[in-house]
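This report refers to the structure that appears directly beneath it.
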């Protein structure tokens, strides 16, 4: 928060927001949600240049400064979805119906279903088809106040198609208001042509795939699905070591279905996040706490798969591990496009508080992506700001199926 100083004047402001209640989510502000009531916020060149109680607002040119009254409603940071698989082709709706009719996942996979069907459809799609489908999904997130989204590859599973997915994600960043961060997830699943040769496939991921991804500047991070049905601890470590050589940060799909110690491994590499983590144990939590690795909860997948093993929320709180929440938007296990719904699910399914939930899609989601310029409202931060028609920030987690977004600014521009 910046207060007025004698002779200080706000000059050349692009926009001044007044009469606001602001949930800054800034841990330096002691109030719950980092709240500043009866506040104002000034934007210049896409960043916040002043924020504080309106009574302390410095003088400014009333006639030259565009001003908007928030009328006592609430401002929060723009929401951040830090884990998605948003670029893909095809649908798994028929498979969903089969599962509910009693057909096992193994039977579906034997028929060419499961992730194999998504890989086949994604390989067959061109850049434009993938772009159009993903843009529509991004528009849905944008309408709910989302300003930054992470997009993973992982449905190509060969060099050309993994590159294609990441190229589409970069194009989306150029042509969509939402800011996109990309993650290379070549080690998502074993492609059919490598059946029984998982080490050979990891060779491909660590060498040809990663080399081309880096050469074309297509990834901001590297991820691995470390699981019994994915890749082993040793294979995951190989990918992380390859990423480290290229100075790319790592993250991990860890402990979703069993404890493979992926969270401990990603912490050893000072990784950004361990995601899913239903089977995370205390040693893993300790390692994450020491490394500053974020715990990313994915309640949509938990719900859709009807899982029963809860993430160790009490341990995460005990060791003060930052908790983020994401949609995990994907066609197989979390076909949903609503970060607001995830906030409610994190509270109802995992017993997070509404304040933890909002932190999970703002401040901690930014940390999970290695971003320090967003996720909180403070002087110097990006002016990614959501304006809500709510009476209290807990309402964002309490209600679902009701979108209370009124206005959204990304880098200070009204969307």
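Any Cβ shown, glycine's included, is placed from N, Cα and C.
Summary of the site annotation: Swiss-Prot records 4-imidazolone-5-propanoate binding at 92, 188, 256, 333. Screening the candidates 33, 155, 398 against this entry identifies 155 as the one listed for that site. Swiss-Prot lists 83, 85, 328 as binding Zn(2+), and of 253, 261, 392 the one it places in that same site is 253. Sitting within 8 Å of the Cβ centre of 83, 85, 253, 328, and not among those site residues for Fe(3+), are the Cβ atoms of 84, 152, 275, 276, 298, 301, 326, 329, 330, 334.
Surrounding the centroid of the Cβ atoms of 155, 330, 332, where the record places N-formimidoyl-L-glutamate, the chain contributes additional residues within 8 Å, namely 85, 88, 92, 115, 118, 154, 331, 333. Spatial neighbours are here defined as Cα atoms within 10 angstroms of one another, and by that definition the neighbours of residue 253 (Fe(3+) binding site) among the binding-site residues 155, 188, 330, 332, 333 are 188. Comparing the Cα of residue 332 (N-formimidoyl-L-glutamate binding site) with the Cα of every entry in 85, 92, 155, 188, these being the binding-site residues, the smallest distance points to 92. In terms of Cα distance, the binding-site residues that sit within 10 Å of residue 155 (4-imidazolone-5-propanoate binding site) are 85, chosen from 83, 85, 328.
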